[in-house]
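What Swiss-Prot records for D67 is active site, proton acceptor. Swiss-Prot lists D67, G68, N149, D150, R179, D181 with the feature NAD(+) binding site.
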Amino acid sequence: MKLELIWVIYKSGSKSAKEEALLCSRNIESLGIKVITAESGPLLNTCNNILNPNKQIPTLVIVLGGDGTVLGAARHLAMYEVPILSFNVGGNLGFLTHDRQLLKDESLWSRIQEDQFAIESRMMLKGRVESYLDTNDVGKKENFFWALNDIYFRSCSEDISPTCTLELKIDDEDVDIYRGDGVILSTPTGSTAYSMATGGPILHPGIEAIIVSAICPMSLSSRPIVVPAGSRLIIKPVGNKNQRVNIWQDGVSSALMQKGEQCVIEKARNHAQMLILEQSPSYFRTLTQKLHWAGSLVDNQNKMAPK
């Protein structure tokens with residue numbers, strides 16, 4: 001990979017991420033590579049701020065933070081399909097990030113320049129809110145948003161119990177009506193996030209599909225389902241005419257929806273390009289390490305066993 005311009009995006013409000021970003025930038029500049037550094041938060045679209053004055057697409061984006069920082073970068077960069085290399089600095093679980101100690105590896109940049117890495121192309125979701133009550137007004141009010149992990153729907157009423165009633169259509173076919181705390185539509189990448197907490201399945205990122213999971217449904221028959229990635233899903237609030245539903249993209253509030261409106265969710269045209277420093281990465285090894293499955297426990301026991 002020929003490195004001409006690198007963005008270093010770090011987690012907003014994290015002292016350690018900022019310090020690591022400054023050090024990383026100095027190391028990149030010492031190689032004669034142009035670098036731009038900026039912070040990123042849930043409501044801060046750093047990418048647009050950097051692109052507007054420069055109009056130059058980076059060769060590589062370095063993200064320093066947790067999975068939330070990576071998700072934000074992926075949403076804003078997907079249309080450019082720029083490789084994202086992320087490190088867990090000031091973050092939590094870090095399913096999408098590398099260990100920050102790898103930043104100290106003197107061979108890091110030469111490995112990247114010599115293409116000693118793998119690229120994982122991750123499916124994303126695209127959603128839009130539209131009005132459907134007046135056939136002449138369908139699609140007139142539109143609010144587009146993207147997600148790498150998930151798009152989910154929850155009640156935003158403050159004066160009543162936070163339950164909502166949502167209707168699901170798949171490819172124009174009525175499928176179910178969910179009454180409960182909400183509904184999650186997840187990608188394979190997001191299958192180890194909020195969707196997993198609701199009892200949804202874990203999908204290998206090499207599979208392109210959409211998981212539909214109810215959040216605390218008031219029915220034992222409401223089970224998670226997996227549908228083809230090419231499906232067109234529609235979620236709309238039904239029942240109480242005063243009900244308002246908050247739409248969240250990767251854990252960030254993105255839009256409000258009320259009766260008479262619906263959200264259409266489909267597979268996004270572009271993918272998030274995740275750079276993996278292992279040339280033969282193992283998704284299952286990541287699962288055992290991050291979720292502390294038996295495989296990682298056995299490895300630890302073997303390491304501690306007397307020789």
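The count begins at 1 with the first shown residue.
Each residue, glycine too, has its Cβ placed from N, Cα and C.
Bear in mind that the values here come from a model prediction, so they are computed numbers and not experimental data.
The Cβ of N149 (NAD(+) binding site) lies under 8 Å from the Cβ of L71, S186, T187, T189, G190, A193, Y194, D250, G251, each of these being in the same chain and 6 or more residues away along the sequence. Cα-Cα distance from R179 (NAD(+) binding site) to D67 (active site, proton acceptor): 30 Å (rounded to the nearest whole number). When the Cα positions of D67, G68, N149, D150, R179, D181 are compared pair by pair, the longest gap among these NAD(+)-binding residues is 30 Å.
Annotated pair the residue listed as 'active site, proton acceptor' and D150 (NAD(+) binding site), C-alpha to C-alpha distance, rounded: 13 Å.
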